[in-house]
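Single-structure report; data block below.
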Amino acid sequence: MAAWKRGETGYPIVDAGMRQLREEAFMHNRVRMIVASFLTKDLLADWRHGYDHFRERLADHDTANDNGGWQWAASTGTDAQPYFRIFNPMTQGERYDPDAEYITAYVPELRGVEPDLIHEWHELSPTQRANAAPAYPAPIVDHSERREEALAMYKRARGEDPEED
């Protein structure tokens, strides 16, 4: 949770969003969805922690909008996205910031790193990451593993056997 708040998760688009929030008290809606999905489905944290953090920091905080947005991202509440919809932060970064302009605006450690490497950060070896951007962290969780854990958690909550497909 602390790394998420600081923008030091090792997932460039997530970190850019969290740093923008800290610096400007704002974040584009797409990035809000990405960081919310990451908190709830990669870090497996209660959505209310994210809501509280945003409530304290967003200049445009709106209780109804933000509460609904966090519940949507966490696949809870009355109008939630399907629980199996889990944003891949690397795919989201590549799709919505292909040249890594947004990312490098808020993550100075990655300035000068090729966009392809930024979008493959999770796949790079420790040596490759150290050579490309020694001050930028490795991913704090494995997205693929956490995706499976989240899916199993949601299935158990629904009373389903996580082993069955």
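The first residue you see is number 1, and the count goes up from there.
Placement of Cβ uses the backbone N, Cα and C atoms for every residue, glycine included.
Quick look at what TrEMBL lists:
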{"type": "BINDING", "residues": "ASP60, HIS61, ASP62", "note": "FAD binding site"}
{"type": "DOMAIN", "residues": "2-155", "note": "domain 'Cryptochrome/DNA photolyase FAD-binding'"}
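Recorded features from TrEMBL, shown on the structure.
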residue: ASP60; record: FAD binding site; CB count, 10 Å: 10
residue: HIS61; record: FAD binding site; CB count, 10 Å: 13
residue: ASP62; record: FAD binding site; CB count, 10 Å: 11
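Other than ASP60, HIS61, ASP62, the residues of this chain whose Cβ falls within 8 Å of the Cβ centroid of the FAD site are, in sequence order, LEU58, ALA59, THR63, ASN65, ASP66.
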